[in-house]
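> One structure follows; several queries about it will come next.
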Amino acid sequence: MKSDIRFEWEKAVQRLIAVATVLSMVSPLVLYLIFSVAKQKAAIGAEMEVLSHIITEQINQNPDYWTYEDIRLASILRHRPHTGDFQEHRQIFDSNQKLVAENVVNLKLPVLSLDTPVYDAGTTAGFLRITWSIQATLVRAALVFAASCAGGALLYFVLHTFPLRVLRSAFAALHKEKEQATITLGSIADAVITTDTSLNILSLNPAAIEFAGTTMADVAGKPFGDYFRIIRPQTRHSLEELLFQCLQSEKHSPPLLDQAVLERQIDGREYQVEITVSPLYDEQARLLGLVVVLHDVTESRVLEKQLKDKVLELVHIVRYAGVGITFIRDGVIQKANGIAAEILGMPQDEVVGKELSFILKTCLGFTQPLDHIYETLGDGRIFNMEHRAIRADGRQIWLRLIGQAIDPNRIRENGTVWIAQDITRLKQQQEQLEAARLQAEEASRFKSEFLAHVSHELRSPLSGVIGLNRLVLDTELTSLQRQYLTMVDGTVETLLLLINNLLDLSKIESGAMELEEKTFNISSICTYIRNIVTLQVEEKGLNLIFTLAEDVPAKLIGDELRLGQILLNLVSNALKFTSSGSIEVVCEKMSQSESAIQLSFKVIDTGCGMDDTTCKKIFEAFVQASNSVARTHGGSGLGLSICKKLTELMGGEIWVDSVVEKGTTFTFTAWFKTVTGVTTDFSETNPHTEEKLTETRPPMRRILVVDDLPVNQTIAKLLLELDGHTIDVAGNGREALVALAKSTYNVIFMDVQMPGLDGLTATRLIRRCEKEENPNAREDNNLIKALSAKIRGKHIPIIGMTGNAMDEGKQDCYAAGMDGYISKPFERIEMLEALDMAFKQQSSTGVGSTGSPQATTLPA
């Protein structure tokens, strides 16, 4: 009886192991935990020996442990049951072990009963109730089964009794280890799949479930191939033989590794994976199945490809960059491309291994200390230099070296990268460009000098023609004589306008045009334009209207001359093409900042208008509406082009809107600086009028006019004598110095460009004599001494007369010490304005005062 009890105890332990096996969910990575329970057999065995004696007594003394639904079951069981009864009861018991074990561990149910049918001769004889019960301190599990024996039917009652604390402790430890294994598997990014020996899926970790694209409940027990297809990347052949090969491997064989493409069967999605297959054995070395680990390398493969592409790209860059590239570590060249070897004039295999000092000093003739180079690189800066080097083959080249440390803190260990570029051709091109630049500058200087000379040579005779013609017009003439002289005056004015336009265009295109910044009055410009075009307006019977918006300031800072030039050009253009109706000039404020204002000007006429094609090209130089326009109205086609360039210099733009037979509107914008504290006064008239200057005419003075052309001397003398001044003339600078040494003059009008001693040099000599400086004029030493003795400590106003309309000519006047200038051909009003400024300046400083007053710009 004792041996039977021992036999039953061993079977109970085996069943306990089976329960644990089921609890582990057959996960191969948790399977080793199953055997940890078996190890507790030794600890429990001693106690089970003692309990085995009690079991027999409990069977005999406590029949109430078993409840029968029908007492007749006992008599039925005494008969021979069907031969399949034993196996059927055993299967029922086995299939419910997991449910029973889980309830025992979690202590959810105090009693678990199972009814199973009992068969006799193929018919149901009754039901046997198998009861698992949990009491306060003991767990009892009873199994009743029938077995066929030679002596007849026997009924076995087996009652296994275990202390609850022992069973609970064992299951708690097992449960804890299972949880740890589950957490570990859940945190692994790789997919872990366990299968049985038939390759049916037993368990999946979360990563594997994500791979499968389904749930654990759906895949458990299903064939591996239903959810995963493993193929070779190159051939696309199946890799299932790898799994079968692993099933046939010996114990302790290393895992099988391979690269594969995993195709998810549910949607055909593919993954690049590294697959590891290992067999799984129990303690008795029995093969339980496989553990398949899938490492997703899809992203890493993409990154690897990108890295390879980048490396290949870098290799091509280094190879075909057209510059020498070297890598240097510990002062030795580790790598060098072919261009670097070519620059050095050495074979590539000889360059590698050479020291940097040898390359720089011996091969390239570099004299700078290497410590300076490493100091620069160590500061994280880029070393950059150009050097005239001598190659190993003796050829001289210009070389640009650029070096940078990979890690400035570890230069020698991590190395430096150097780029060498042969810039010999670039240097040659730079030398050629420099030579071309110097030639261009010299040509530009010659051009400026030529324009200045031509401008002077053209304006000087024109000045005489215009001046004499207008002097004659002021005399008593017959109507026919006056008509002829008026035609001459208009023709010369047209010629002068053409000359001015050509000079302006040349200045603008060469970048020599500079805008002045002076305070001016817009209403004065409007009055000035009205006075010029009044005769033409009246002859055509047109209305000329000037409209200034109320918010336009009266005083602004800008280039009054150029603004007036634009408006006069546009108004004159409107006069050409308007035979009836009106011409209106409108000025409005566009926007304003704290110190600047943007104005809009419109010149609106009711003339013949233009089509769209003409409007698009009207601002191009030398362009007119048609050839007939040039024949009918004249003009060079430069006016509007100059207007466009001047508005751009003023920070604005110009455009035209026109309708054929209805009229044209030219609009331009410009920026000006504002003058604070000034209110609009529309009643102000042009201050530069002859009447106003006549009213404030200064006292009669003695004036010296210096000009090499007698006609200009005569005109200037006649114009100034009209105001009662005493006029002396001189033909060049030396004559002016002689006259000044003999007589006293209040003002000098000095021509700039004259043969012999020019006006600029003469002015410098006068200023030095005023300041008691030695002019170093050797041939006229006595003259200079006499002049210096007479004008020492004084300041005589000198007004330049120049036919050079270029800005350089004006600056030259100021640089020589002149107080102002007027441009040829000069008008009487311009000379009066110049005298007015000079006399005001003289009264504020006083003749005989020391020091030179600040130069004042006079209207040109």
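Cβ atoms are placed via backbone N, Cα and C, with glycine included.
OK, TrEMBL features for this one:
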- 12-35: transmembrane segment (TRANSMEM)
- 138-159: transmembrane segment (TRANSMEM)
- 177-250: domain 'PAS' (DOMAIN)
- 255-309: domain 'PAC' (DOMAIN)
- 383-435: domain 'PAC' (DOMAIN)
- 419-446: coiled coil (COILED)
- 453-674: domain 'Histidine kinase' (DOMAIN)
- 702-839: domain 'Response regulatory' (DOMAIN)
- Asp751: 4-aspartylphosphate (MOD_RES)
> Report the same-chain neighbours of Asp751 (4-aspartylphosphate): residues 6+ apart in sequence with Cβ closer than 8 Å to its Cβ, ordered by sequence.
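Sequence-distant Cβ neighbours: Val706, Asp707, Asp708, Asn712, Gly759, Gly800, Met801, Thr802.
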> Can you name the far-off residues of the same chain, 6+ from the ends of the coiled coil (419-446), with a Cβ under 8 Å from a Cβ of it?
322-326, 339-340, 343-344, 386, 397-403, 510
> State the mean pLDDT for the coiled coil (419-446).
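Across the coiled coil (419-446), the average pLDDT comes out at 86.
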> In DSSP terms, helix, strand or coil for the residue listed as '4-aspartylphosphate'?
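Reduced to three states, the DSSP call for the residue listed as '4-aspartylphosphate' is strand.
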> Taking DSSP states H, G and I as helix and E and B as strand, how many residues of the domain 'Response regulatory' (702-839) are helix, strand and coil?
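The counts are 67 helix, 24 strand, 47 coil.
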